[in-house]
Amino acid sequence: MSTHNAWEERPTLVGRLGKGGTLVLLVLVVLFPMWSVVVTSLASRKTIDAAGGMVVIPREFDPSAYLSIFSGGTVTQALWVSTVVTIGGTAVSLVLTTFAAYGLSRPGTLWHRPLLFVFLLTFLIAPGLVPTYLVVTGLGLKDSLWSLILPSAVSAFNLVVMRAFFMGVPTELVDAARIDGASEWGILFRIVLPLSKAVVAVVGLFYAVGYWNAYFNSVLYLDSSDKWPIQRILQGYILGGQSPAVTGNVPINLPGVTAYPPSLAVKMAVVVVTVVPALVIYPFVQRHFTKGVMLGAVKG
Amino acid sequence: MTRSSLTDPPGGTLPRADRPAPSTVDSTVRMGFTQRLRRDWPFLVMTAPAAVLVVVFHYVPTLGNVIAFQDYNPFLGDSAVGSFLASPWIGFGNFMVLFEDPAFWDAVVNTLSITLFQLVFFFPLPVFLAILLNSVVSGKVRGFVQSVVYLPHFFSWVLVITFFVQMLGGAGLLAQVLRQHGFEPVAIMSNPDAFIVVVTAEGVWKDLGWGAIVFLAALAAIDQQLYESAAVDGAGRWRRLWHVTLPGLRPVIVLLLILRLGDALSVGFEQYILQRDAVGRQAAEVLDTYVYYQAIVPQQWGVGAAAGLFKGVVGLILILVANRLAHRLGEQGVYSGK
């Protein structure tokens, strides 16, 4: 963006080295742990034993840890649960939030102010853990996957971000459609939403990340372990000291594959599959971040 | 004023209800309730489902906080409402139990210490990062660094702590390297004295980049001519930073500071509950984990609700005070009767 201005001093050598060094360090601090985790997940037992644990320098490509976690069993089941909750939850959240954001985007409509207030007040008042727990269990959601979705289905922050975006759609367009006889539903689907793809993408990402990352609600509400999401399983492996049940039904006729992958490699493979969804969606939505964050900050 | 309200004749040739609804307030004042309902019902239908969910999962529990004044017993009724109606009222009994529990005050002290520590050692870092990134001339380099440092914001706490444990924990990479070179590995992740530094480092790793976004946007809004005039007047780069950049960032800094102060009693929940077992209650118990371990686990609902209510009320007061303070200092504040 900014080129060197005539009135600016020439950057000093120390300044440039300091800046460059800081940026390199920041990038390394973020990327190095991820690198080491990926390399360890693909390492053989021999390499892991030689390194005494985490591996930094890749020596071979042994996918047996991944074959093991995808061959059925706890991790496969947990990934399935997390995927269902993330996709289903994001769909529910996006539909509810989009409708409410549009419903609240025209000041002057009936009950507009009190309804908006209902959502905004949630920023100031936090209900507390105990009554929330009693309400969720009282509704019979204990041990149901809905307990991971419904309590957090509508985020007032995301609603405000979307509403601000909808209010920015040119009034002329909306009025013209209305004069042509379009209903509010038609206006939302044919005019407002096509112009709001960016905000839908960002809000969708926020919701999806929230559902994929949720850990504690599963501790509170889910008793049966076959309903546990991947974060819960990862927590058990890394922080709870449990060992992954390394299955022996890995196809060993593939080259470079060992029948019983080392437990550390399996754990690191679980870390990798937990990170991957974020990495996959991230580039598509990243360019909209600033807009999304700022809309919420300015109009909230 | 919108186009439609300017072009439509005041009386209107069409019956009001059939007229295209104006996109802003203007003419609605003159319409009756039924007319407005007939015109606006789609908006109400659209808003209703989300509003119902917010009422059920936010406002009902908020009202449910009154069990803080009860000896709530879930076995007294056949439903949550039934138990609520049947449970005896005991006034401030739960609060007495709470305030006499030293563990509660430990949790309050821990929470406030962590908030204070992070205000000093975490809060300013995104400002520095934003200024640093803003001064990078190459757009490509800046874009790459931004992509990398924003990323950990999207990791769960389970993942962030996993990365820290695998790098710095007792069986992590650092301990391995130390052991191989004949040193005694230092316990970082399970040392109660280091806990406050560790949780702050985790927070920085996760959210430093994300926190810088807001400041970057504020920096982009600073008029470039201010820098040029300052330079022409003889201000060097540090004086321009002090007299142009920082004043430009001030409103955002104050806004975020208020939000953080209003949230002084919440330092996050998952991050602490995930590490409490490894570090121990003495250092890692914060208000939210206290509620979980003292109320939900042993099912002492009344005391837990009392602790939650205490936190909610103090938090509300804090944010109102901080906001008023900001107004008094001539800043915009978080909200202002819109």
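Backbone N, Cα and C define each Cβ position, glycine as well.
Per TrEMBL, the features are as follows:
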DOMAIN    A:79-281  domain 'ABC transmembrane type-1'
TRANSMEM  A:20-43  transmembrane segment
TRANSMEM  A:87-104  transmembrane segment
TRANSMEM  A:116-139  transmembrane segment
TRANSMEM  A:145-166  transmembrane segment
TRANSMEM  A:187-212  transmembrane segment
TRANSMEM  A:264-285  transmembrane segment
Taking residues 6+ outside the transmembrane segment (A:264-285), which of them lie with a CB under 8 Å of any CB in it? 34, 37-38, 40-45, 48, 53-54, 62, 64-66, 68-69, 75, 79, 86, 201-202, 205, 208-209, 212, 230-231, 233-234, 237-238, 244, 246
Hey, does the transmembrane segment (A:87-104) touch the transmembrane segment (A:145-166), meaning at least 3 C-beta pairs closer than 8 angstroms, sequence gap 6 or more? yes
Using Cβ atoms and a strict cutoff of less than 8 Å, what residues sit near the transmembrane segment (A:20-43) while being 6 or more residues removed from its termini? 51, 54-63, 65-66, 262, 264-266, 268-269, 271-272, 275
Outside the transmembrane segment (A:187-212), at least 6 residues beyond either end, the same-chain residues with a Cβ under 8 Å of its Cβ set are 82, 85-86, 89-90, 93-94, 97-99, 102, 105, 148-149, 152, 155, 158, 161-162, 165-166, 169, 173-174, 177-178, 231, 277-278, 281, 284-285, 288-289, 291-292, 295
